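Enquirer: Got a structure here, written out as structure tokens. Questions coming.
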Amino acid sequence: MKLLFVEAKLHLREWPFLMFTVGLPLLLLIVLGTSIPDFTKVGENGERFVDTQLPSMMTLLSLLTLACSVLPAVMATYRDQGVLRRMSTTPVHPGRLLGVQLLINLVVAVVTVVLLIVAGSLFFGSSAPRQWAWFGLVFLLGTAALMAMGLVIAAVAPNGKVAPGIGSAVMFPLLFLAGMWVPRDVMPDALRVISDYSVAGPFAQALKDTWQGHAPQLIHLVVVAAGLALFGGLAVRLFRWE
């Protein structure tokens with residue numbers, strides 16, 4: 001508990017951490033939803049963009065920021081400074097520090113989702129995800145896959161200063177493939193296929209489906225689970241405490 005308290009306190013002291021992981025998705029939801037009229041118009045499917053698509057993408061933005069920038073930077077910095085090596089010689093194994101970091105990131109992600117739901121309800125009258133159980137499963141599975149990917153980034157980054165740059169090079173293409181700027185439905189066929197197997201694409205679609213009240217497609221769950229297995233295996237193989 002002491003380690004958790006110390007690490008959480010360190011995170012809260014870093015205002016860019018809260019600004020980009022919590023504040024930015026929340027701000028974008030409100031600004032885009034209020035400034036773009038089409039986002040609040042009811043589409044052919046009876047849904048508004050601001051009801052499901054926008055909060056789903058903002059959730060993914062927060063998770064990718066945590067996984068591709070925050071987690072790799074922290075773990076690579078600790079490794080570069082010898083913190084993990086020194087911890088390995090004490091009763092507190094560095095694996096506990098990793099667990100604490102994952103827990104903190106998960107809590108931040110959950111808080112962000114709750115704030116997005118509250119903001120959507122207050123500003124646009126949007127509802128919470130209509131399939132809570134499926135949403136929770138998709139959220140945890142996708143978060144685990146992205147965090148595993150973040151550990152791979154931390155493993156290959158030479159130090160904590162380089163890690164965020166590598167993470168950004170990974171994050172923005174994934175956001176594009178997930179439909180952040182071009183909806184997946186209108187992507188060219190070749191690009192749509194790449195999106196379907198990018199982990200971020202199926203994860204974003206599954207979040208949207210559960211927000212709309214549908215069960216996620218099995219293929220999307222399989223792809224995200226495969227990503228978790230792949231990146232988890234690579235993280236175990238590549239990550240070193242020193």
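Here the Cβ of each residue, glycine as well, is placed from N, Cα and C on the backbone.
Annotations in TrEMBL come from automatic prediction, not curation.
Taken from TrEMBL, the feature transmembrane segment covers 15-36, 56-76, 97-126, 132-155, 162-182, 218-239. The annotation domain 'ABC transmembrane type-2' is assigned in TrEMBL to 16-242.
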Enquirer: Residues of the same chain, at least six outside the transmembrane segment (162-182), with any C-beta under 8 angstroms of its C-beta?
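Expert: For the transmembrane segment (162-182), the sequence-distant neighbours (Cβ-Cβ under 8 Å, at least 6 residues beyond its ends) are 53, 57, 60-61, 64-65, 67-69, 72-73, 75-77, 149-150, 153-154, 156, 191, 194-195, 198-201, 203-204.
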Enquirer: For the transmembrane segment (15-36), find every same-chain residue at least 6 residues outside the stretch whose CB is under 8 Å from a CB in it, and list them.
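Expert: Sequence-distant neighbours of the transmembrane segment (15-36): 50, 54-55, 58-59, 61-62, 65-66, 69-70, 108-109, 111-112, 115-116, 119-120, 123-124.
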Enquirer: Grab the same-chain neighbours of the transmembrane segment (97-126) for me: Cβ-Cβ under 8 Å, and only residues 6 or more beyond its ends, written as numbers and ranges.
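Expert: Residues packing against the transmembrane segment (97-126) from afar: 3-4, 7-8, 11, 21-22, 25-26, 29-30, 33-34, 40, 48, 50-51, 55, 58-59, 62-63, 66-67, 70-71, 74-75, 78, 83-84, 87, 139, 143, 147, 151.
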